[in-house]
Amino acid sequence: MEFDRVEAPVTAKAYLMCAFAAFAGMLFGYDSGYIASVLGMAEFKKAYGNPATGNYTTSQKSLIVAILSCGTFCGALVSGSLADRFGRRTTIIAGCLVFVAGVDIQVAHISITALVVGRLVAGFGVGFVSAVNILYMSEVAPRHVRGAIVSSYQFAITIGIMLASCVGFATQNRTDTGAFRIPIAIQFLWAGVLILGLLLLPESPRYFVKKGRLDLAMKALARVRGQSVESEYVLHELAEIQANFEYEQQLGEVSWLGCFTGGVLTGGSNARKVFIGTALQMFQQFTGINFIFYYNTTFFQQVGLRGPFLISMITTVVNVASTPVSFYTIERFGRRPLLIYGALAMMVCEMIIAVVGTARPDSQVANYCLITFVCLYVFFFASTWGPAAWVVVGEIFQLPIRSKGVALSTASNWFWNCIIAVVTPYMVEGSDGREGLGVKVFFGKYQGDNVHGPYADCTAIWAGLCLACAIFAYAVVPESKGLTLEQVDRMMEEVSARRSGKWRARENWARDLGADVMGGATVESIHLDHHKKISTSTASASAREVER
């Protein structure tokens, strides 16, 4: 059928090119993961802590961890405009260079100030990479495997976290500054590999369409689809992208303020999509996963588990092993089921950890329960909310606001990441002589009089937030499985989130849209018009080369 030719069959080359783009997750994962190990090292405490106590304070620990997220928040916001102006690939490379500068500051000087400044700068670069890479992957990945391809970004994050934990485990007993400098310096390698790889990958064809360079868009699309530039598949998909873009351009250029226009909960308005994207990333942080990966080593030390570095490494291995499950399930069952049932499963795990840990705090049974259900909790996150949240963010925005929408959503992730990183040490450890929650952080604390009456007023924390995640996913998040990015936009205009799973693209949608734009022209005339535009664009480019 004509509709089936909108996109080319997926080739091994297309898989490899899209999968390599996911390597950017290594920067995010490793940079987030190494800090959990070094915070528990004796040499790190000696070098950065108070000489009198041989340790750092809760406020210093909070600042060291959270400052990375502060930088990434700022970087993600800036990246949207840069991606539209200079291109997706160029912006990611620039982010890698900024990241390298931040790592250099961390390695060169041993002080809390240098570490904080270095992580702030590195975070700025990670903000570029994390926001624009999701945008890039969503725009180049074939629609039938887009969920799996974008999920591979989360997979790369988990590998980065695991490698950081393994390196920390290997260097923990060193008696020099190499104990923490080696884990930090290895980040140079990941940035270098990503830069070299990106130089070999094409720019996003949708970026070239946005810039009016259809000749370059056709070449880029042919590369990422593993087809020749004369392929009918390439022509049909390019016509689909261009016709949709021209239709959207009739509404005018979208500014940052324009991203918030329209109703928040109805239709396909910009405000609704920004709300879904930013809230989804907020709720991903509210699952409590970064409490595990930022503070797992020191948390396991605090609750008295033996071998905290080893247990920490085991949780990261579970994280890596679980994420590929989503490659199949996200395309088989869709985005909504993973988000809904994944949140409920995490809630159950957190409740069990908190209840057993509170009821029998000093028993071996409680320790085994803690390890087992933390691993199960990590499994459910890694196979559901971890990848699915990024996939949905990459799919729901139309081309005129896609870079800005993804940037705002990613910034939301990092903003709440920063808030949680700041408050978690105080929640768990307490401050100023006050006792923290310990394992009760997984579900809450009891307030009341220890002497005159029973505990009361249970305040839910992570488990309650996971329940909120499930409710949000059910009520708000649309199902975008198997649709092109242009079809997702049409679906959101026509149906609510709860009915989105039953929506089907009309076979002649691209023709109808093209006819509207072209004043009633047939699909053949649209294709001919695109041929002329491409030829004209190519001729103009050749003329410019001759002039040079």
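Keep in mind that glycine also has a Cβ here, set from the backbone N, Cα and C atoms.
Checked against TrEMBL, the range among 6-26, 90-110 recorded as transmembrane segment is 90-110.
The stretches the transmembrane segment (339-359) and the transmembrane segment (459-477) are in mutual contact, each linked to the other by at least three Cβ pairs under 8 Å (pairs 6 or more apart in sequence). The recorded stretches the transmembrane segment (148-170) and the transmembrane segment (405-428) do not share 3+ CB pairs below 8 A when only pairs 6 or more apart in sequence are counted, and are therefore not in contact. Simply put, out of 63-83, 90-110, 307-327, 405-428, 459-477, 307-327 has the most Cβ pairs sitting under 8 Å from the transmembrane segment (365-393).
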